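Below: one structure, written as structure tokens.
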């Protein structure tokens, strides 16, 4: 891929930027026409554009913010509602949530490219809220699988991805910080939901804690329905052919990025799902352990903002790679030996910060290497590949834990290796796109 970032067929993937090939703009005095010079260039700001980001923030809060709280439900189900079942069996509930949120990607992406964002968000709001309401009256394992693991997750997929794709159309030069800003919604949700649900379960019971959460989500998604919209009407031309749908799989940078992101999914969600359970098993007070996921997600907020800001300056792939390497090293060097309160808390905080780029920069990576009109579909493909990891991460981790007789070391090693292995694929994608150039902004 050359510096103008064209696909193998020579199509324009992203308008060239004058500073694209360098860390410092001053090193490249000859500036090529930027996106602001193009007739249909994204405005990169303005009230409407930032209102789209506000609405997308609400969808992030209600989708990934909710899913980032799965650790609190894993712990509650193991100790109360489903305590007669094994950890590996219970873990299929959060695994299905993650799977359907990601696996619906290509379907939601094509629906967005055809119909725009608003109708998808309306439909997604219904399924997300309805699923949580049904979970509030569930008492059996299969009922929770259907309501929380499938119905709610399908709704969450239909609200989040259209918002991401809509933001891509409104921003180009500031795309990194725009994505980082909206992705902080999942961090804030990941802080608020675990604490809120934990306290509500103690005071009003599991049923009403789910209903109150559903009403809160309904209110925020009402804001998203009003504010999130596409910048241009959906195209009215013929439907894309099979050849066009397969085109992304002919682009090496895109394929390697998909594979890397899938492996990263295995590594990222194991700490999120198991940090509370492992801390309690190591002797941490259950009340203190319940704050670990909020700590992780709170630190992730700053990691996402920092990664987004730095990515616009130094390159999205570059910053994504650095952050993922740090996350993998933290798992292997800090989480494995962590058996007391202090190192576990430090790990949760630092890992939350380092893993923030996994959510905030992944859509920006795809937008960078894709034609704007295909961003929805290609982002969906990214999520589809990630869904494989999302579906199998917790069951694999639970099986590793069970085979090790309750020793968490092997599970932690698996998480760290997947993080570094996925990062190796992303590094390969960067090399394919730029060659062996360390200082290239990419």
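Cβ coordinates are placed from backbone N, Cα and C, and glycine is handled just like the others.
Pulled from Swiss-Prot, these are the features on record:
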type: COMPBIAS; residues: 1-10; note: compositional bias 'Polar residues'
type: REGION; residues: 1-43; note: region 'Disordered'
type: COMPBIAS; residues: 17-34; note: compositional bias 'Basic and acidic residues'
type: TRANSMEM; residues: 47-67; note: transmembrane segment
type: TRANSMEM; residues: 89-109; note: transmembrane segment
type: TRANSMEM; residues: 119-139; note: transmembrane segment
type: TRANSMEM; residues: 150-170; note: transmembrane segment
type: TRANSMEM; residues: 177-197; note: transmembrane segment
type: TRANSMEM; residues: 206-226; note: transmembrane segment
type: TRANSMEM; residues: 252-272; note: transmembrane segment
type: TRANSMEM; residues: 288-307; note: transmembrane segment
type: TRANSMEM; residues: 319-339; note: transmembrane segment
type: TRANSMEM; residues: 342-362; note: transmembrane segment
type: TRANSMEM; residues: 381-401; note: transmembrane segment
type: TRANSMEM; residues: 413-433; note: transmembrane segment
### Maximum Cβ pairs under 8 Å to the transmembrane segment (252-272) - stretch from the list 47-67, 319-339, 413-433
413-433
### Message
Can you see whether the transmembrane segment (119-139) and the transmembrane segment (413-433) are touching - at least 3 CB pairs under 8 angstroms, only pairs 6 or more apart in sequence?
### Response
no
### Message
Contact between the transmembrane segment (206-226) and the transmembrane segment (47-67) is defined here as three or more C-beta pairs under 8 Å separated by at least 6 residues; is that satisfied?
### Response
yes
### Task
Go through the chain and flag residues at least 6 beyond the ends of the transmembrane segment (413-433) whose CB is under 8 A from any CB in it; none is fine as an answer.
1, 5, 252-253, 256-257, 259-268, 270-271, 317-318, 320-321, 324-325, 327-329, 331-332, 335-336, 369, 396-397, 400, 442
### Summary
If one takes Cβ-Cβ under 8 Å and requires six or more residues beyond its ends, the residues near the transmembrane segment (89-109) are 63-64, 67, 70, 73-74, 77-78, 82, 120, 141, 144-145, 148-150, 152-154, 156-158, 160-162, 165, 265, 269, 273, 376-387, 390-395, 397-398
